[in-house]
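According to Swiss-Prot, the active site annotation covers H203, D220, C282, on the basis of sequence analysis. The transmembrane segment annotation in Swiss-Prot covers 36-56, and the record cites sequence analysis as its basis.
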Amino acid sequence: MEPIHNPPPQTCSYSRSSTTYTSFKDASCDTKVIRIIIALFLIVISCGLILCAYTFRDLLDADYLAQEGPQQATKLLQQLDDVLTGPPLPIWDNEHLFQFSCLMQNKHKRVLPIDICNPLTKFNFLECICNCLMTKQSVNVNETDMCELFCPPTCTPENYRRLLCTSSVFPFVMWHDPSADTQEAMLTKMDQTMSSGRVGNSHWVLVIVDIEYRCVTFFDSLCDYVASPQQMREQLEGLAVSLGAIYPKEGGADSDQEELLSPFQVRIGSTVKVQSPGEFTCGAWCCQFLAWYLENPDFDLEEKVPKNPSERRALLADFISTTEQAMSRYSSLSWPTTD
């Protein structure tokens, strides 16, 4: 028998020329143009995705109603324009808040600088504010000994006592991170934020207690980041009652006791967002609000702040540039003296 010769199995093969790749240097002119166009297209898409992620939290916060479609579209376009206009504004943190409050004390005299060594949060701010005002009251009537007086590390007890006696406007800043649900968690988050050097979700808000005006004013540049305006008002009304008892109205012997112990007024400084999306300007806005308040406690924020995002940004940028140099004299964090 003759051996059977089976044909070799057929295999599928592809032309090598169809998978040949050339470097950009050796490619033809048409190929180079196509590759450049593709690269530019991918860059544009990547930038768009980054921008979307950058303002994603603000997009989630927007109220989308069918009947308000055009208004919402205009609002988002304004936010986009605000983010893309000019270089980012500087971030003002606790040391800047202290320096600016010292600048205001030097100008107005009745302002107590902000104690940044005693961090306030939504969990302890009511107690801390009451303690500070009670300390002032006891100092005024000479009930507090120098040894018992708690004062910031960068201020002497004698100087702090004098500042307390001459102050009637007390600004307090509150630090907030929405991910912390207890005081311990908030302080831990604060330490982590300071160590990382990143802002994250942290935010500054301002509380002003004015003894002469008998008013408590709350300001949040994002309007409702810590709590809704109504929720904050309810908390501050409890503080206002306590302050009314600490600092009763002046009256004669025949004055009604209930009237003398009437609560302080409560004001919510902003019911609209003045801080632009994508910017970390809460600290600077707190300082700007304090400056306006000291000029006129009855001022209307919405009359001061432009509705146009670009104009609003320009206003804050001008405020920052005109005050940073003057603030630098307090860069050592030493408290101003009353001498």
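Cβ coordinates are placed from backbone N, Cα and C, and glycine is handled just like the others.
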- [ ] Please state whether DSSP places H203 (active site) in a helix, a strand or coil.
- [x] strand
- [ ] Calculate the distance in Å between the alpha carbons (Cα) of C282 (active site) and H203 (active site), and round it to a whole number.
- [x] 6
Task: Between D220 (active site) and H203 (active site): CA-CA distance (Å) - done: 9
Task: Same chain, 6+ residues apart, C-beta under 8 Å of the C-beta of D220 (active site), given in sequence order - done: H203, V205, L206, V226, M232, G269, S270
Open item on the list: With the cut-off set at 10 Å between Cβ atoms, which of these active-site residues ends up with the most neighbours? Options: H203, C282.
Closed with: C282
